Every structure is written in C-alpha cells, then in structure tokens.
Amino acid sequence: MALNVVILAAGKGTRMRSDLPKVLHPIAHKSMVQHVIDTAHKVGSDAIQLVYGYGADKLQASLGEQQLNWVLQAEQLGTGHAVAQASPHIADSDTVLILYGDVPLIQQSTLEALLAARPENGVAILTVNLGNPMGYGRIVRTPCEGQEQGKVVGIIEQKDATAEQLLINEINTGIMAVPGKQLKAWLSRLSNNNAQGEYYLTDIIAMAHADGVAIDTAQPQSAIEVEGANNRVQLAQLERAYQAREAEKLMLAGANLRDPSRIDIRGDVTVGMDVMIDINVIFEGKVTLGNNVTIGAGAILIDCEIADNAEIKPYSIIEGAKLGVAASAGPFARLRPGAELKQDAHIGNFVEVKKAVIGVGSKAGHLAYLGDAIIGDGVNIGAGTITCNYDGANKHLTVIEDNVFVGSDTQLVAPVTIGKGATLGAGSTITRDVGENELVITRVKQKHLTGWQRPVKIKK
C-alpha cells in the first residue's frame, strides 16, 4: 500500500497583491509549498502529485528539479475538482494524503498521527477546535455509542451551514487521508450544487458515511500548524510562528537566546550545550554549533561548522566556513566559502578570508584579504595585508609556513611561498619565494627633502 500525497497549489492568491503564485511566497527563506513538500517526504511519501494552475512557469522554475508529478488544474473549480485532476495518478490500493501548498507549518508528527488514526479502508480527517470558527467548514457529528464526541457524518461549509451548525467549533482543516479506490469513486459523484458553485472535496465525507465507511479524526498539537496565508499579514504571522517554534527547539537543545523573538532561522541549526546567541542573528542552510559557542549580535551564519568554545563576534558573516576549537572571528569579519580557522586562530575586524586555511594560533587582526592561501601555525598577519591571488585570468596559491611574521601593508603576489620563521617588513611587495628565517624588505629607500613647500590652494 503506497502513500500518495496530493498537494493543492493551483491558486493565484489575489490578496497577496503579487505576480508570484501564492504558494511560492516564503516562510524562513523557503517557499510555503517547499515546506509542505519537505514534510511530505518526511512522512514517507511514495509519490507526490502537485496540482498547479496559476504561474506554472514560476512554479516549475522553483520546483522543477524535484521528484514531483505535475498535474494541471486549468480552471479553479474547487478543492474537489483539484483533487479529481490527480485521479489518473492514484492507484486503488493507495492511501491518499491531501495537503495544501499554502499551509506550510504542518508537522511530520501531526501527519503521522493522522495516518495512524485512519481506520482500515476508512477515512481520517484532521480537525481543530477554534474559539472563533467563522469562515471554516464545520465537522458534523451524530451521537454514537462508544464515541464520546459522536460519529462524523459530514462537513458543512460556512456558507451552506444552518444557524445550529454555525455553533459548532470543530472545524475542517482540509487535510485528510483517504483510500484511493473510494476517493476516485466519490470524486466522480461530486456536484457543484452549493452556494459557491464549486466542487467541494468536503462532500466526500458525507458520501463515505452513506457508504458505511469508517471515519475518524486527529488534531494537531497547535492550531497554527493548519493556518494558511492569504495575504501578507497572515504570511508575516506564520513567519513569526515558525521562528518562535524553531527558537524554542534551540533553547530546549541547550542554547541561550538573548531574545527569542529576535532571531531568524532559515535552515537546519544544530547546537551543543551552553551556546549563547545574541540578538538579530540569522542562520541559513545547515549550521552546526558545538558546545560553549558564542554568537554575537547581528552575525549571519550560512552553511558552516563552528567547533566547541569558538566565538563569532558581532556583525560577522560566516558562509561555507569552518571554525576550530576556540577559534574566533570578528567583529565585522567575513569568512567566505572554503575558509577554515584551525584551533585558537583569530580573524579580526574587516578581514576577509576566502578558500584559505588559517593555522593553529595564527591571527589576522585587522583590514586584510586572505584568499587562496594556506597559512601555517603561529603566523601573524599585519593590518593591510593582501594575498594577490588573481592575475586577471587565473587564481594562484599563497603558502605561508609556520611562525611567519607579516608586517602591515604587505602584498603577497601569488604564486608565492613564505618559509618557516620568515619576517616580511611592513610595506613590502613580495613577488618571489622567501626562505626560512629570512627577513625581506622591499620598500623604496626613504628620502628627506628639506625646504619643501606644500601646494597652496589657488584662490579664484
């Protein structure tokens, strides 16, 4: 029995006031529909049917390389009509899980509970109880022996409900698990004879009851899981809810957040114990923080690994980089892809490192560019040092061996190797290899011109 997931993503989202299809609007730097697709994979989907309509070119540009079966809904005639477009791709033996591309916070655990609640050859509906159910379809039940809440007999939409039914506060989320054979039969019997003139997917529940099919329900841990976004205000509310949930996960895993409401998590963050994260930090991609790591205010960390006791000082950007034990970067440092700081290495303010290894205990405190370089242990890089790695066509390597002292304002024109223990005088331009323990100075001889007068500004 295969799990066949149908994701409804055909809507334009007029209230978003955007040329972008609604489901492509982002939560945590990832489209809403991508969140849903990822969760579908987590619950073990064997196939995913993506029902699309508006903005097909943009949807396919965003999602096209994934294993999806694209199902066109040329006209938006209701949720039942949307699911019916996927019928040719549903086997009789499938369990069909119906999800929505604009409901991005649905959790794996909730869907697993829904699937577990589905009776054999029956239907499971995800419902939630709301204090104010206005606008939602209501779950209609009748008394049944052995069922405290009663037996589900149907779902009635808001516009079609009686005054009595409007008092019901258990609402339909639209998410359900249905047997494939029966689903296809029920879809073929749908009618649009209702206030909206649409084919309601919810009508299949009354059909299931009439056919004697068992119906059960499950509920999410939080109602926010089943909230959709129809405008940018709701989108922002979902973003805040997502960030609050992710911040809570970090704190439960051992991180101290200076202010949990001022952190942005846009990927997968793994933390050790006693991690300290200051305000306005952004995480993107896959980020790993070891024990006792400190992240300063305003830092941005993208796809990086930070070892135990390391420190990222305020307003530093760390992307595709690794920091070893007790290494530090910043404030205002930039580590680009391929940068690696070994144990106790330090990169200070306004230093940029790209595709370079900084050895154990080595440091570049201020105003330097270190690109395409291998720097040994115990090296001091003076302020203003530049590895000149690009000749206009190709990149070249600079090698600085252990215990080298590089004076301020030094240019190292690659390819070049500086031997162990060498000293480079301030202001030097190094174009040839330097031997071990050599002192190299390439400055022009200093001149003293007595009696020299500064230019005087010409009055106009």
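Our numbering is plain: 1 for the first residue shown, then up by one each step along the chain.
Quick reminder: no glycine exception, Cβ is built from N, Cα and C everywhere.
Remember, it's a predicted structure, so these values are computed and weren't measured experimentally.
His366 (active site, proton acceptor) carries a strand DSSP state (E or B). A simple way to gauge crowding: the CB of His366 (active site, proton acceptor) has 17 other CB atoms within 10 angstroms, across all the protein chains here. Among the features that Swiss-Prot reports, active site, proton acceptor is placed at His366, with the record citing sequence analysis.
Residues annotated as UDP-N-acetyl-alpha-D-glucosamine binding site in Swiss-Prot, with sequence analysis given as evidence: 8-11, Lys22, Gln73, 78-79, 100-102, Gly137, Glu157, Asn172, Asn230, Arg336, Lys354, Tyr369, Asn380. Around the Cβ of Arg336 (UDP-N-acetyl-alpha-D-glucosamine binding site), a 10 Å sphere holds 16 further Cβ atoms from the protein chains shown.
According to Swiss-Prot, the feature Mg(2+) binding site maps to Asp102, Asn230. In the structure as shown, the Cβ atom of Asn230 (Mg(2+) binding site) sits within 10 Å of 14 other Cβ atoms.
If you look up Swiss-Prot, you'll see Ala383, Asn389, Tyr390, Ser408, Ala426, Arg443 marked as acetyl-CoA binding site, on the strength of sequence analysis. Around Ala426 (acetyl-CoA binding site), the C-beta neighbours below 8 angstroms that are at least 6 residues distant in the chain are Gly382, Gly407, Ser408, Asp409, Thr410, Arg443. Mapped onto three states, the DSSP output places Ala426 (acetyl-CoA binding site) in coil.
Taken from Swiss-Prot, the feature region 'Pyrophosphorylase' applies to 1-232.
For the region 'Linker' (233-253), the mean pLDDT of the prediction comes to 98. According to Swiss-Prot, the region 'Linker' annotation covers 233-253.
Annotated region 'N-acetyltransferase' per Swiss-Prot: 254-460, in sequence order, evidence recorded as sequence analysis.
Taken over all pairs of the listed acetyl-CoA-binding residues (Ala383, Asn389, Tyr390, Ser408, Ala426, Arg443), the Cα spread reaches a maximum of 23 Å, rounded to the nearest whole number. Cα-Cα distances to Gly11 (UDP-N-acetyl-alpha-D-glucosamine binding site) place Asp102 within 10 Å, out of the recorded positions Asp102, His366, Ala383, Asn389, Tyr390. A coil conformation is recorded for Gly11 (UDP-N-acetyl-alpha-D-glucosamine binding site) in the three-state DSSP classification, outside any helix or strand. Between His366 (active site, proton acceptor) and Ala383 (acetyl-CoA binding site), the C-alpha separation comes to 5 Å.
Recorded residues Asp102 (Mg(2+) binding site) and Ala383 (acetyl-CoA binding site) have their alpha carbons 51 Å apart, per Cα-Cα distance.
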